[in-house]
Each structure stands twice: as C-alpha cells, then as structure tokens.
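Single-structure report; data block below.
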Amino acid sequence: VPLSPVCGSDGVTYDSECALKLMRCMIQKDLHVVMLSPCKDASPSSVPELHCSRSVYGCCRDNVTAAQGVGLAGCPSTCECNRYGSYSKTCSPSSGQCSCKPGVGGLKCDRCEPGFWNFRGIVTDEKSGCTPCNCYPLGAVRDDCEQMSGLCSCKAGISGMKCNQCPNGSKLGPSGCDQDPSVSRTCSDLHCQYGATCVQSIGRAYCECPPSICPKNKQFKVCGSDGVTYANECQLKTIACRQGSVINILHQGPCQGTTPSTGNIQTTDLTPSPKEHTNLSKIVSLETIPILKAIFPVTDNTTGPQVHKMYTVTASPGVIGHPTAGWPPSSLTSSEPPDLSGSGDFSGDTDLEASGNLEGSGVEPMGFNESSTGPPTPVPNERSTCDNTEFGCCSDGKTPSVDGEGSNCPPTKLFQGVLIVEEVEGQELFYTPEMDDPKSELFGETARSIENALNELFGNSNVKKDFKSVRVHGLGPSDPVRIIVEVHFDPRTSYNSHDVQRALLQQVKQSRRKSIVVKKPEQDNVKIVDFDWAPLLFTTTSTTAARTTVPITTASALPVTRRPPPATTRWPKVLPHAKVPSTTTKPATTRRPPFSRKVEVRPATVKVHRPCDSQPCLHGGTCEDDGVSYTCSCPAGRGGAVCERTIVYFIPEFGGRSYLAFKTMKAYYTVRISMEFRASNLDGLPLVQWTEKGKGLHFYRPSEGYVELRFNHGVWDGVITSKTLIKPGNWHHVVGNRNRRSGMLSVDGEPHLIGESPPGTDGLNLDTDLFLGGTPEDEMTLVTERTTATKGLQGCIRLLDVNNLIYDLQERSNDVLYGSGVGECGNNPCSPNPCKNRGKCHMKEAEMFHCESVGEFSGPTCADKHNPCDPNPCHQSANCMVLPEGGSKCECPMGREGELCERVSEAEQDQGKAFIPEFNGLSYLEMNGIHTFVSDLLQKLSMEVIFLAKDPNGMIFYNGQKTDGRGDFVSLNLRDGYLEFKYDLGKGAAVLRSKAPIPLNVWNVVTVERNGRKGLMKINKDELVSGESPKSRKAPHTALNLKEAFYVGGAPDFNKFARAAGIISGFTGAIQKLSLKSIPLLKKENIRNAMEISNFRWHACTKTRNPCQNGGVCSPRLREYDCMCQRGFSGPQCEKALEEKSASGSESVAFNGRTFIEYHNTVTRSEKAVQVNYFEMSIKTEATKGLILWSGKIAEKSDYIALAVVDGFVQMTYDLGSKPVTLRSTIPVNTNQWVRIKANRIHGYGTLQVGNEAPVTGSSPFAATQLDTDGALWLGGIEKLAPGNRLPKAYSTGFIGCIKDVVIDRQELQLVEDALNNPTILHCPAKK
C-alpha cells in the first residue's frame, strides 16, 4: 500500500490508506478512499447531502437509502446484510457483497472466514470482528478452529488450545515433539510478563499467573480499563495475566457504563465500547508464558432480551485443552432471521461453505490420515448453529430459543446430578462465595467450562444417542466444589438414572483427555437421579411434578443448601407434607409414563474428616477427638483452646491426665520421699510413681480417702495404708521411707506405719523418669495393672523432697524435664469466659478449656460464623489454619509468601541469592535423617550451627529414632533463653545447658560434639559446656541410633518427638549455617518438605542488590560476608579485574618439586599471631600430590595452615592448637589446565573453593581462634615438616607445576620481587 496521503469519505486527509483502514476499524463505521490525494478545501462533508430521490437509481424502499443500481440493487432489503457482521446495510450492486468487518465473510457478512472464530463475540461483546484462530502451523491439522471456543485441531501427541504444546518440556518442530535443550529449565532462562511469576517444577520452568484470591483489605470491586467490573483487584490481575493483556484499574467500585442489550443496538449507529480497543485474544508465545486459553460464555440473568458475554479464562501452564463435544447434526425446523444466523449458516458463497462447515465442526478433512499410538482421541461432532444465536440453544442442544423464556423449546427428559469436582480443563477449582450468585462472572465462567467438559463426556458415552445437553444449576462448597447439574435427554429415551450415572462414570475414569477431574473415588462423588427424586439429593426448590420439562435458557437461581461441617454431615430428609414452590418454567407439553418402580437412592460414601485431621493443637499439644469437636491437651507451660497461650506457674496444678517428669532418682536400697499436696476429689488417683520396665513400682495414691505407699522388688507389692483421711481442698503432708524390704508411711504427722514387702531381692533398680501427678498415657497402662488407678491426681502439689533434695516444681525450673497439662494452682481458665459469641466454656485440664458453640458459630473460641478455612482462601499449595482468636492464617510452603501465599518469594525467583531460612515459630524444614549424610554417626557426632534468635524459646534441630515419644534422639533447643544440647543413647538423656542466656538478635556460633557418651557444646568460641549421658551396668549405651527425619526450626507434630527432648515450640529467627562434619545441610536439594519458610531479609547477601560485583557469589559470614569471585576478578567485592599475563612472564612461576620460595605471611610484613587468612591463586599441574602453600611453625604440635594436592584434589588443612581441620575440594586439578583456588580462614571457620564449585566449609572444634606462626609463608613446599603433624605424605612432597596470580590477604603477591630467599626461579612455557 503506497504511503501517500489519501482523502477519506469523511472529508479527513489521512497519511496513508493504512491509516484510513485503521480508523475504520476503530470507529466501526463505513470509511473509504474518495481521492488518492489530500482532501480539497471544500470537503465532501461540507456539501449538503442530496435526497435519494435525486440520485441516479432513486430510493430504496426505506425512502432514505439511495439505490446502487437498477431493480433496487444494493438496497438493504435486497442485500440482507447481517447487522452485526457488516459495516452497513448496503452492498455492492453487482455482486451483492456486503461490507464485512475484519475476519467476517460471506455475501451477507454472516459467518467467520476460514482461520477466524467467535462470531458470537461480535453480538455479545461488541468485538470489532471475528477473532483469528492463530493455530500453530507445526502442531495443527488445519488453520481453522472450533467456532465456540477457538480450539484448534491438533496432530497426534500435541496439545494446547492452539496446538502449540508438547509434553515433558519437549519442543514442537516440523517432525512433532522433540526434546530440546533450549527449553527453559530454570527461572533464570525465562522472562514472565503480565504479572506472572516463574515456577520451577519437574525440571522445567514456566510462568504462573497470580491467584485470584485477595486479602480482606482488598475485597472490593474494581473497574478495569477494559470496561469490565471485577470482584476485586486480585481477580483483575489474574484475568489480565491469563489473557496475556494489560488491564489497569480505572477506579474502585463497579464500572458505570452498561453494555446495551442486543435489542437496543441500532444498525445505522453501532457505538464501540472500550472493549473494542483491547485485544482480548492476544496469544503469548509458549516460550514466554505457556498458557492455555478457553472461552466460557456467561449468562446475564436480567429482564428483557438475554445477552451472552464472553470472557477469556486461561488454564494452568502445560494443561491439555479439549474440544467441546457436540451432538449429532440435524436440520433446523424453524427459520431464523439472517442477522442472527452466526457462522454456521449458508451465506450464499459456495466457495466458503465447505470451509465453514469444517471450522464449525472440528472434523478432520477427507484424505487426512495420521498414524498414532494409544487409544483414539474423541473427535467432536458438528456443533449446532443455535450457539451463535441471540438467546442460545434450548435444552435439546439444537433448537434456537426465540426468547429468554424458551417458549418455543421442545420437551426433554431431565435427570439431575451432583458431582464433587477438583479440576476442569486443567484448572483446579476452589469455591468462593461469588459462585453462589448465578449472575456473577465467576459462576458463568465456571459453569460454562463444566458444561463443555460434561457435554464432551456424554457425547462420547454409550448413552449419546439420546443425550441432548448439560446445564449447571448450582455451585456449592465441598471438597473442593460441589456441582449440581441438569442432564437433558430425548423425552422418549429408555435410559434411566443408573444408566446415565454408569455412562458418565465410565467416561470420567477411562477418558484419556481429562477435561474434568472428579474427586476420588469417583463412584462416591458422582450421583445422578431422576428429576422427581432430586429433592432427596439436593434439597432445591425445583418442582417435583414435572418429570419432562422445558428448560429456560437463562440461568436459574435455585437456592442450594450448604453442607454442614464434615464432622456432622448428614443427608437431608424429605418432609412428606412439605410444600415445594414451583419454578417459572412453562408446563411440559408431553409427559413420560408414570414412574412405576421404586428407586433406592443411596447416599455416596464420603470419607469422614475427623476434627483432629488438621492438627489444630499448637506447640506440641495433643489433639483429642470426641467425634464432634476436639480438645487440646497442652504441654507444661502452655494453655488455652489450642495451646496458644504461654502459662507461667509456681505451684503446679494437675487435672487427672497431667504430669511432670524429673530425672530418675537413685533408690537402690533406701529412699525417703516427702511431699505436700491438695486433692480436689478422692477416686484413687496416683500422686507420684516411677518404674523400671514393670518391675519395682513405688507409688503414692489416695484410696477411698487414704494414702497408700506401694513398693515392689519383682514378686509382690509391699503396701502400707495411712489411717488419716484425706479431705478434698485441704493441704496434706506425706512422708514415706523405704529401706531394703521395709517401708514407713506417715500423713500429717500421724504415728509411723510400718510394713515390708515379701522376701526377695533387697535392691530396687529404677531406670525411667520420675513422674509427679500422673504419667504419660502410654505409661498409665502399666500403672493400672499394678494399682487399678486409671488417672492421675486432680489437685495441686507444692513440695517434693526426695532424699533431702527439694525439687523446683516451677515452670521455668531446670529440674523439670517435660510435662503435660499443668497450670497454676487455683486458676480457672473459664473465668473470665474466653469463648466468644455466647459460647459455653468447659474447664478441662489445668489452664485448658473447651468452648461449646451456641448457634452457627465455630472455631476454638466460637469466634467465626463460618469456618474461615472452608473454602480455603490460601494458595492451592498452602495450608489454612483456623486461629483461636478468629479468622485464619495461611501456612505457606517454601518458595511462596504473602498473606495468602499468593506471591513467589524473592529467593525463589533469584536463585543466585544466599539461602538463609527464616522461621516464625510455626515454620519447619524437613530433611532426610542425619544418619544418611555420614556413615560413622553411631559413635561420633560433630555439628555447627550459626543462628540468630528473636525469641528465647524454640527448637533449632531434632532427629529421633521413633515417633512414639521414646527412643534415641539428638536435639538443640532454646528454653527460656538458655541453649540445651540433648542426646539419648538408650539409658536417658544427656543435657548440656548453656551457663548464660543466648543473646537475641545477634548471630551466634555453636558447635556441638559427641563421642560415645561424652558431649561438648561450644558457644561463640568462648563458653564450653561438657556432659555425658547416663551409663548402664548391663549395656554400654554408647551408640546413637537414628531412623526418622531430621527437622530444623520446628515440626508439624511435636508429639512424635521423644518426650525427654522437652520440645514444645518452634524457632523464631534465622539459621545461617548448619553443617554436619563440615557437610552443609541447608541446601535446597536436601529439603524434603518445608512450611512457612522465607529468606532472611536483613543480611547483605540476601538483599535485592548483590554486594559482590562481576557475578561474584555472596557467602554469609555472621554479620559480614565474603565474595567468591568469578575467574578473572578479585577484591573484597570482586571489583578488580585481573589482567591476564603471559605464561612466560615473570609472574607465572614453575615449580619442579624442589623449588621452595619464602615470603612474608602478609606480603609486606610478618605476623606472628594471625586471626584471618585469605589466599587466592591459579595453579596448573599434572601431579597427584604436592604441597602448594604452608604457613606456620616448623615445630612439633605447632599451629599451621596449608594447601596441598592430595590424590589429584586440593586440600586445605589448618590446626589452631586443638585439632586439625581438613577441607577437601571435589574438583580434580591434575588436568594440566589453569584452575583458580580460593581459601580463607576466619578464626576457626574455614572455606575452600576450587573453580566454580560450591565452597567447602568447616570449623575448628574447640575454642582456639588464632594461628601462631613464625611469620613466614612458603610456596611450592617446605624443606622438612615437623614429625608430630601426622599429615599425609603429599604435604611432604614438593609441588610440580605452575603458579600465578597469587593474592595474600587481598593483596597481590609479586612472585619474584617479594621473595625473601633466592632459589632458582623457573618460568612456565608460553604454550598453555
């Protein structure tokens, strides 16, 4: 097209004919070129228009339009141009061709041209023309597409709406799907647009649109720049991303403008809406955002003529799209006005008719034959043309409705059904309250998607010959969404509801293309019944009289009964005399024969969700299920409805199932016990007991108001009963002694009562914990067998004296190992009433209560009118937790953040950032057990942790042997600010406790070690704590046996931990380093599961801007950091570029195994006491051993640091006077290629990096931090090592190879000029 000015028929000069056509498209009016030059001064618009009677051919029948030829040629009555597909009512007088909108074809502009679709969008959405199919040529069979959805016909093995997707990340090429290494594997290779975020999964990276869920503070409607009202800001962003378009928020609240109904659109003046200028059909490439688009019409249930709106919905990336199944073709018996004929009618253009049939049907053209493996893919049948009409189809799927009431629709036989659906067209369904409104856009989108999927399944089932259509009647909350549908069949069909249900189930299970996913087991979640049995299943207000019905085409807002909570789900009853309101549908014109046989409707078997399934109890509380609700039994120090409150007690109170545990007491021959208690009732409850595997039981308990002392030496019990009656509510003092087989008991100073056990052994071995007030549930069985007592004390204990040692019973005591259900004596947790909304408070154990709801309120404290987690407001990968104070909290998996876990975390997006996990008290990391990382864990353990704590309580790590509260374990835990390192080897726990509280909000370095029974904990390199586990005379108990997972920062259920660990809360803070024998554990590839983990934002290495330049990797070092520079750069921030020097230059020195060069250990001077070392150098060698660098003293048992090649790998070894530390690289260097080495030491912490490998780290096990040297540094080797160093032979062998670009303490070392001795210095050859 020539780019010269032209004059338009509107009298305006345009820069070119293209500019004129663009304007014509935008204003949606007839505009053509009248002059191939600029318009003259007297524009055509200024000339008065002549009446048609004065034209050459006179007027048309409307007496307004001028005829274009003889015989009313070109007049609207003759042309019959479709008013939606054409620009005007007139046509060419010679050919009769109307002026069509873009993509519209046919003489009358009443159909989409080949390669275009969505004629209906011109009518309902005022689109500027038909939408291009954009079928991908390498994956599609044809260029045209299915007219209702835009779905292209794909070749075998290719999927996607536009046939542009291959499975498993393969690339679509001329020969089909081929594996392509260029497919994005990581997010660094992928650029996401339109608000999408990159997600890595199964070796692929893809773009994921944000969820449509919104926080409460954003739950208000907004008006988009496309003229559409959205439920909230989040829905707008989601739809914009799915459409691949930019939609901005114009203002809060609904859009003011309304879309005119079709009845009000004038042919002569069709005003474009803002939507006309927005390309809603934009296709984003697979490499950018692999999305799948499907079109779902929304029915606008308003008075007057019905308008169908089209909205674009995008499925999840990589989801296979499916064509919409139709029904057998048949001729229409009713005529239709030509302006509503849509794209399926005959247009008069015989050349385009065949193509139009194909584009409407999706059937492959004749002659096409492509071999494929696997079961045949269902091919959609021809769709009826009524889908493109103004009021859509009747329930028979063929007849076009002439009005919104469907007054002309033929009768159908109606079945109703309910399905519990999880996915539709690859999109996971989540219920939202907006789905209750049949007028909402969300209801329309979801319903249309479900109808398309079910139409496809029924259209390929064994009942398809009588099947007509499916209509969605209602959406309701379930697990996740309950769908109520109407299934329409031929009124003369012989199929019953069982046949229909069986056919649908068969398709759901066997269909290869999963257009709809029903919750498993499918047979329990699909139910079809006859229409007159529908109230039993749905309890809707549908009439039960009409068994054959004429459905209307508008959405019917039938109320749907919400299901009660899962624990109380019951099937609704039908009242025999209940009056059911009738619907607005017309009476049926035909009826089926009366229903003659009884149909038994059996409710589907639904998995019963127990109240404790969601693990509602916090901080290690035990959930107890009563079948309707739950209560939490809290550990000592916790209380509240779900153990959310911190309890501080001074005099412990026990509730019958409570207890406190202490260390095992020594009572082999003698023991003296004194205690003071107050009981609230007298039903034979134990006060204190301790056992040894069922033998030897010492036990106090009130029996009918009297205290008993029992002791057993292995055969029979010795029993002494007091004579003083115990009075409820009074304090009593009890003293008991045992000396071998003799015992004594006295209550409140009464005369001593003497007794003895039967003859046997005199000694009593006790090896379990001492329990006060009761026992753990699993220990109570043994107590019941020996004493008939079934519960613990209900009351208070203020004194316990064992062998003249008074135990501290307070909550923060060091004597208490662990406990459960203990509170302050005299406290009433129900005063004041913690239950909201008039809930009734029931006191349970001490400091614990249960709220009984009144009315419709629920939750731990009756704070919520509805379950805030049903439906789940969180992202699909997150867990929803009901809060005791009301509302909910989303527990995000690792990689997601935000109030609703709606965002991908920054650390997940930037894989180059350092990973410093931050914990919030409910977070945890789960890994494989530490026994899987090292082989010699049984006898020895060495771990280092660098952490920053924000709360004085919380678990740092735990690994155990069992999940029943017993067994071996190792743990590190903060308790009241003190750090506790515990391990149990089978005889009892060793407890190593810090001498002072750990400082908060600063980085702490802790090293824990175990060798046999002996343990050591070093804190911040200056505090040393030692201890050992209990010993046994029968077994050594020196091995640590671990079998379970390793948890960091917390766990999903603390009840599975060993009770002796005393862990009841998660860690709050950040963990910078966690290593096991220098093996770093905090790597993402080691993590099996994670919850509520985010990256610590307050360290330089995790901030948005990387402090290391030129691609350097930031390595955290407490508050500071080190930069691991890429090759060719050096400096603290890798800001210096190293010049590449010639290999024959003076700075590339060759070493022959006898060349030993001496330097100052800090380049310019000698330092005798060094806290920090930093080395960088490049080496080239073929040798498998040789000493590269040495700094230290040449004396026995002296400090040193060294670099050497050992077995072809670089090793860094240093000894600060306590124990040598060896770091070994994983990259071989004996390749005769230049390799860069970086090594540093900060106090006892060392790092080694060779090439681009991940740094290898380690630390000195004891408190030494200083390297004492003679001030010298040697390259290439040393004359003689001290005999006591016990280093490998490689350290006493000289280095053979080349060394260059040496950096010492971040200063360049001149290999020749800075040398202190004068050896023969050789140079490397010029050829590298």
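Each position is counted from 1, following the chain as shown.
Placed from the backbone N, Cα and C atoms, the Cβ positions cover glycine too.
Between CYS632 and the candidates CYS612, CYS617, Swiss-Prot records the disulphide bond with CYS617.
For CYS109, the disulfide partner recorded in Swiss-Prot among CYS100, CYS112 is CYS100.
Candidates considered were CYS98, CYS130; the recorded disulfide partner of CYS112 in Swiss-Prot is CYS130.
The disulfide bond recorded by Swiss-Prot for CYS214 joins it to CYS234 [selected from CYS187, CYS192, CYS234, CYS241]. Disulfide annotation in Swiss-Prot: CYS79 is bonded to CYS91, selected among CYS60, CYS91. The two recorded residues CYS835 (disulfide bond) and CYS623 (disulfide bond) have their Cα atoms spaced 19 Å from each other.
By the Cβ criterion (distance under 8 Å, sequence gap of 6 or more), the domain 'EGF-like 2' (865-902) is not counted as touching the domain 'EGF-like 3' (1097-1135), fewer than 3 such pairs being found. Closest by Cα distance to CYS623 (disulfide bond), from the disulfide-bonded residues CYS145, CYS223, CYS617, is CYS617. Comparing CA positions across the disulfide-bonded residues CYS177, CYS255, CYS612, CYS617, CYS851, the one lying closest to CYS145 (disulfide bond) turns out to be CYS177.
For the recorded site, CYS234 (disulfide bond), the DSSP three-state label reads helix. According to DSSP, the secondary structure content of the domain 'EGF-like 2' (865-902) in residues is 0 helix, 10 strand, 28 coil.
Take the CB of CYS617 (disulfide bond) and look out to 10 A: across all protein chains shown you find 27 other CB atoms. In this structure, of the disulfide-bonded residues CYS152, CYS632, CYS851, CYS1324, the smallest number of CB atoms within 10 A of the CB marks CYS1324. Ranked by CA distance from CYS1324 (disulfide bond), the disulfide-bonded residues CYS39, CYS135, CYS177, CYS851, CYS1125 have CYS1125 at the top as the closest. Break the domain 'EGF-like 3' (1097-1135) down by DSSP state and the numbers are 3 helix, 12 strand, 24 coil. The Cβ of CYS7 (disulfide bond) has 20 other Cβ atoms within 10 Å, all protein chains considered.
Note: the domain 'Laminin EGF-like 1' (79-132) comprises 6 helix, 17 strand, 31 coil (DSSP; helix = H, G, I, strand = E, B). Neighbour counts of Cβ atoms within 10 Å were compared across the disulfide-bonded residues CYS130, CYS133, CYS214, CYS1125; the minimum falls on CYS214.
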